[in-house]
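Contents: one structure, followed by commentary.
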Amino acid sequence: MEAGAVSVRRGFVEWFKDKWQNDPLFSIFIALIIMVILQTLTLGFDFNSFGEWFQTWVNNWINILRNNAGVAIVALGMTFVIMTGGIDLSVGATLVATGAFAMTLIDIGERGLFAMIGITGVPAIIFTMLLTMAFGYLLGSLIGVTVTKGLVPPFIATLGAMMVFRSVTQHFMQGYNPRVPTEFLQIASLKIGNVMIMPIIYWLLIAAIMYYVSKRTTFGRQIIAVGSNEKGARLSGINVDKVKLRVYALMGLLVSIAAIIQVSRVGSMDFAGAGRGLEMDAIAAAVVGGTSMMGGRGFILGTVYGVLIIAVLNNLLNLFGVPPLLRDAFKGLIVIAAVLLQRKKII
Amino acid sequence: MQVEMLNVNKSFGSNKVLEDVSITVNGGEIYALLGENGAGKSTLMNILGGVLPLDRGEICINGESVSFEKPADSQSSGIAFIHQELNLINDLPVYENMFIGREPKKRFGQLDHKKMIKETEDLFKRMDIDLDPKALVGDLDASYKQIVEICRAMSTNASIIIMDEPTTSLTDTEINRVFGMMNTLREQGVGLIFISHKLKEVKRICDRYAVLRDGGLVSEGYVEDVTINDIARFMVGYDVRTEPLIRERPLGEEVLRIENLTYEQQFKDINFSIKAGEVVGFTGLLGDGRSELFQSIFGSKGVSSGAIYVNDKKVSTNSTMDAIKNGIAYLPRNRKENAIISDMDILENSAIATWPQYSKFGIINKDIHKQQFEKQRDKLNIKMDKWTDNITKLSGGNQQKVVLSKWLNTGPKILILDNPTQGVDVGAKEDIYDIILDLADQKIAVVVLSSEAQEIIRVCDRTMVMYHGTVQGELKGKEMTDHNIMTLATGGELELEGEGKPLWKQEQ
């Protein structure tokens, strides 16, 4: 009996060691679990009033997930971009550009495009969503073409795009305050069982699709091949330019979805401030989730963990009452710590 | 100076890599350290170079026991280790590379360029090397880079220099240059440890040899006392073939015809035609343009003018995808850089080129790839554990076979093999030759690009010899000799007696 227990325990230790050393996502997952436990304890777990505590806990989590849905969706696209060995600094500016584009279409005021040509109600909402996504895809494609055909390094191409997109958006939206109809707000604010849960559903749905794409599809595997060995991929008959172009286009598409969610949550957008730092948050989530900045190695699931770790950290800092200006320091340390943890697994 | 390694033992975990290995190297001799990949040569040399610690055993220099804890210890004892991947910085001139890490400085810490140039010039003069110290290392060819490495070792006053496969990426002329340098060093009393797979070179330049197999010393002695076959037998443990492998087989229709193909400065006015079931060699020296030519035919480089016909139909090869659709497959040289996707497992590396072909709605059909791979694994005799293992876990020969399986999966009509046996050990090399001939029997047109004349002579029906981007001549059957190939490869002309006689007649 005793010996059995010991061997089970040893078996567990071996399993844990093996997992820790060989499964890059395992240490990230453990880190997440520890943080969630910490957070749970901080929320004052009390067995006697379990029902009440549970309600608070769930509400807290729904808030966390909903508030981070936008960043999370962008981070998924960023993971693909980084896996090809690239980077996209323009996501914040693209968010503003696509957000402004959506608002111009759906505006029920005088300058609203659809209102002018007499499209209203549900068709207007659907067309707005589709056209905005198409616009995001187009902006992403522009970057993709600059990177692949123009041979401009992704850092430079997207740095330039970042300035162009935001500046042009701010100029054209100057003094213009589009009014978003309340029906449009339902995209994000629709309540299911009295809970605003739609952004979370979009996020998880997109994460599931991206996970499947990265594991099972030609496109997903070609991304890894391109990031791991671009020359080898080309000489294996992979259209490297097409893969990269589609990755940046997909990035633009996902940013436009995040923009739609943001516009439909609050009904407005601050074109000067919205999306500032979004690229850094997305990159941080991907990196914490085990994606290598060198390309080739990356995990969609890891990025989901990464977003959660950073979100829970923010939540914890909030609960602990850490001064707001000091919070970014913790975020920065977590990013570095995550890479230190994973470092040994990169052979 | 004399270096002795006595009863050296080394294990990695439970894996014994070296067992009671003892060797002695003296100043003024070239000592060949031989063995297949994984035999323990690198481990032994890493111990001597202070990179790895030894588990048990002793290193003695001039009879005195020493212990090396880090590379610097080994260096200060007068041992220099020139790694296979050269440690030179391409963006710096030769003289700065010579002094990296120990640059002479002036009073306020500025680099003393004059002194570095002067000392480099002096050393080159002493070694009888014609090289400008101010040349950028990136502009030098591979042999001069090797020479710069050797000179750097010399300038640290090394008395024993370890050279890990210095000639792998060199052409014959370049090898001669490096060998000349090695002879000079020998005369000056320096001891050289020469690690190589090329037994002809060992025979040519080395005084003594040691053969390692599975971590043990199996043979040691004077090179003049043994034949190449003997050494090969020591290395693999059984007899190795060296006879030509070409055999008679009926040829089919023409599958590939190239007309006046030209691309910028790389190659010009190339014309040839290949029939199904033929094995055609392309050889020459570095910079002959053969790799560039076939990369263009494969659609990865480009073409300025000329035409490519597959099965008598003009095809455009603007991309590698086009080429694959046309039935052309290209196994590139430098496997690590050009063929292996190191973040992927064995199966994926084998399936990568055929993903689109079998996928529906972009979803990969893993079952088909698994079936195909299992077939190829048996046919090509790939030694592996699980297909989910990372490709880099395999030995060089098996990696190459996985890359080959990738191309066979595409069902090619024309298979181009660029340096197919590069970094592959003797046993796997023979396997690959057999595979080439089997494929030819199955009516695949095989093109073998190689700088090893022997390889061409043994497996090819005929060979084109290239020189500076043009085909200098064609050799058939018995005309294919080391001498004829070298003459054409260096730009010479050949007077062949009548028509080249093939070993057999073509089918009408």
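Numbers here mean position along the shown chain, with the first residue as 1.
Note that Cβ sites are derived from N, Cα and C of the backbone, with glycine treated the same way.
Remember, TrEMBL labels are computer predictions, not curated facts.
The range from A:151-169, A:170-188 that TrEMBL describes as transmembrane segment is residues A:151-169.
With pairs at least 6 apart in sequence, the transmembrane segment (A:89-106) and the transmembrane segment (A:190-213) have fewer than 3 Cβ pairs within the 8 Å limit; the two do not touch. If one looks beyond the transmembrane segment (A:245-263) by at least 6 residues along the same chain, the residues whose Cβ comes under 8 Å of a Cβ in the stretch are 69-71, 73-74, 76-78, 80-81, 84, 86, 88, 91, 94-96, 98-99, 102-103, 129, 132-133, 135-141, 143-145, 147-148, 180, 184, 187-188, 199, 202, 206, 219, 223, 269, 274. Outside the transmembrane segment (A:25-45) by six or more residues, the chain places 19, 53, 56-57, 60, 288-290, 299, 301-302, 305-306, 308-309, 312-313, 315-316, 319-320, 338, 341-342 with a CB less than 8 A from a CB of the stretch.
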